[in-house]
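Peer 1: Got a structure for you, written out below as C-alpha cells; questions coming shortly.
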C-alpha cells in the first residue's frame, strides 16, 4: 500500500452509552491514538463536562498502536475502502487493594464466593475472607503445597483440595465459622511432587499432574463415612454397614494417564470429557477423561509452566520458560494451532489465567516480578503491567471479572 494523506473511516462501539452518529469521516492517515481519542471525546461532548474519557481503538480486531497509515500498511488494508474503527473505554490499571502476608512462598491461590485459599511453601493451606482476615491455617502436608482448588462451598461447609511435594493430595472439609478444617481423604499414588490439580465441571472428579510424568484421575466426592474409595469408586461393605466415621482415609486413583516423558507441570479440565496437560517435555496433550486415550498432542519448543483454558473462546493459553505466552486453537483444521504469541515478559511465564467474563482478556505472572493483563488483540503491548511484587510471581488468578490475585516468592498474596 502506497502512502496516502487522507483515509475514509467510520467509528463504531459496542458500548451504547458512547455511540456516535454512523457517519464516515475523512481523516489524515498520519494520526494515531491521541488524536482519535480527542476526536471521539469532541463528538461526545465529553471534553466540556470535566475530564475526557480515555479510549482504545481497534481496526479489524487489532489494537491500533501506531498511526492509521502504518497500521493499514502492516495489515495490507486497502486505502480505497472505508476503514472501520472500533473504540472502547480504557479502564484504569488495577491497583493493589490488599496484601496478605505469608510465612513462605505463595505457590497457588483459588477463590470461591467470598473465600480465598492459598498454598504455601510453609507446608500449609490458609483460608482468607475478602477483607484479608485469615480464617484458618491448615496443616498436614509434610512438604511445600504446590496447588489448591475449591471443590464446593455453601453456608455450612467448604471442600477443597491441596497437592504437595510430599506426593499426596488432601481432600479437606472446612466447617465454616469454626476456624478448623479436617482432612477427609489423602489421595496417594504419585511417586513425586504433585504440582497441579483441576476439578471437573460437575465437581465430582479431579485430575492431578506430577513430576512422576503421569496424570491421575480421582473422585472428588466426600464420603460421609470417611471411608476409603479405591479404583472401583466404592466403600467397603464393613464401612457401609457400621457407618463408622474414619478421618483421613487413603484414596487411590481411578485412572492413570501416561504419555509425557518429563514432569507434568499443569493440568486443566476443558470440558466434561476432555483433560489437557502440559509438561517439561515441551508438549501439551489432550486426553479423553473416560478412556484415558491421548487424543491430541501439541508440540512446543520450551518447558511449559502452566496452561489455561477459556470456555468463552475455546482456546488454550500457555506460559513458558522462553518468556512467551502462546495462544492455541486445538480445533484448527489448517494446522496452524498457534494463533498468537504475546511478548513482553522478561522471565519465565509461571502462570496464566483467562478472564471469566471477557474472551479477549488474559492475566499472566512471571519470574520478572510482574503481573500483566492482556487483550489478546494486542499481542505486543499488554493493557497493564502490575509491579507490586518484590520477587518472582508464582501464580495469578481472577477472583472476579475485575479483580485479580497473585502470589509469589516475596511471601505475599496481592489482591488487585
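Placed from the backbone N, Cα and C atoms, the Cβ positions cover glycine too.
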Peer 1: Scan 186-205, 206-225, 226-245 against Swiss-Prot and say which stretch is down as region 'Disordered'.
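Peer 2: Spelled out, Swiss-Prot records region 'Disordered' over residues 226-245, not the other listed ranges.
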Peer 1: When you scan the chain for residues with a C-beta under 8 Å from the repeat 'WD 7' (388-416), skipping those not six or more beyond its ends, what do you find?
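Peer 2: Same-chain residues near the repeat 'WD 7' (388-416) but 6 or more away: 94-111, 116, 118, 128, 132, 347, 350-358, 363-367, 369-371, 373.
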Peer 1: Using a Cβ cut-off of under 8 Å, list the residues of the same chain at least 6 residues beyond the repeat 'WD 6' (344-384) that approach it.
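Peer 2: Here the qualifying positions are 56, 58, 61-63, 65, 93-94, 305-310, 312-313, 317-321, 323-325, 327, 390-398, 400-401, 404, 406, 408, 416.
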Peer 1: From the DSSP assignment alone, can you count helix, strand and coil residues within the repeat 'WD 3' (189-228)?
Peer 2: 0 helix, 17 strand, 23 coil
Peer 1: Work out, from DSSP, the number of helix, strand and coil residues along the repeat 'WD 7' (388-416).
Peer 2: 0 helix, 18 strand, 11 coil
Peer 1: Counting by DSSP, what is the helix, strand and coil composition of the repeat 'WD 4' (259-297)?
Peer 2: 0 helix, 24 strand, 15 coil
